[in-house]
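One structure below.
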């Protein structure tokens, strides 16, 4: 009935749509009616055909996106699953799933082998560490036992008034010189009081040892030292008191140098760089620990994934044979379904821990890199500062050397020369005055030479040192005169004007600084 009503409505709609064009034809309107009908049909085709083409194109794209072999393993209906698995498509899907499972198993097996190897290495390390700890504990126990034995031996010596000592083998040796009264029973059962001096080798309970065991280790050591001469211990014993004092002084000097070096590092700022180095080493250790933690988190995450995948695989296997379940299978399915949520939570927690560990590794790595860059930058600044300080120190030393040269040449040497000359003249005058009048004729020629007569030409002993002139020829003549005066043995004094002395000192200083700069630039 509904279908009939729909068809009737469709016919009415078509009748209304094409009613103007379906009127009885007349001779006058036939051509116009045909033209309008053809126009309507063309317009409908133009507007409807693109929509159909778009719909067809979308359907083709949707069909091309579909996989050739759908994943029928996700179908939960057992009957439909059984029908599909009986066909070729279901078999191919199962084979694909089996190949993926085999690949996962291989990867998990490789990961498991690698983890087993790492665990074996860790186990060996733990065994080695435990062995070392047991050996150290054994050594400590032996030391405690020896200490206890020594205390006990001291008490016995104090009690028995004897002198016992312990041998290398752990036994006691000594000499009991105490005089005691000993009761001896003879065959006639007579008691005799005897006094004896006993020399024994005994334990703390006065039990006699087999023999007096010598200290073999010391004897062997002495024999080796006698056979092989020049050992360090022998040299140390044979050193004189002066050599020992010298060694002690050198050790103290070494400590002083270390203290001075530490103070210099504090002043220059290198101690902070040393602290930065130690912090970098600490960060490297932290990075190693963080990487070890990431490795452990990866192992835990892999185990969680393996546990959950194994549980899901077992659930899928139970679902494949759902139609013939037993009571044990039902209980197992219930248990697996109940544990699946816990496995998922464990997997999420392991993944979260792994992400946190990896982020921590990234943070530590970034901090370590930044610390290394900071250390490099600070060391560069420190080296530049030291280089700059050494350059200024070199210039200061050069200036001091030039100043000392100028002072020694132009102040100290003339003063020393004048003092020597005056002292010599005074000495000569004293000798001349003390000579008797008998030798007056012999000393007259000498006096005449020292005090020339008025008719003689005086010998010039001083020279006015000048080299500032206005012309080139005058400068050359001044240089020649100055050179002749410097080379003449009769000239003993040089005289400078104040301006010329300042100019000469400045010239010498500039030449010295230039030579020093050239030497520093060549050997830097």
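Residue positions begin at 1 at the first shown residue.
In case you wondered, yes, glycine gets a Cβ from its N, Cα and C as well.
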To which of the residue ranges 392-412, 413-433, 434-454, 455-475 does Swiss-Prot assign the term transmembrane segment?
392-412
Annotated stretch (coiled coil, per Swiss-Prot) among the listed ranges 92-133, 218-259:
92-133
If we skip the immediate neighbours and take only residues 6+ beyond the ends of the coiled coil (338-371), which ones have a Cβ under 8 Å from one of its Cβ atoms?
276, 279-280, 283-284, 286-287, 290-291, 293-294, 297-298, 300-301, 303-305, 307-308, 311-312, 315
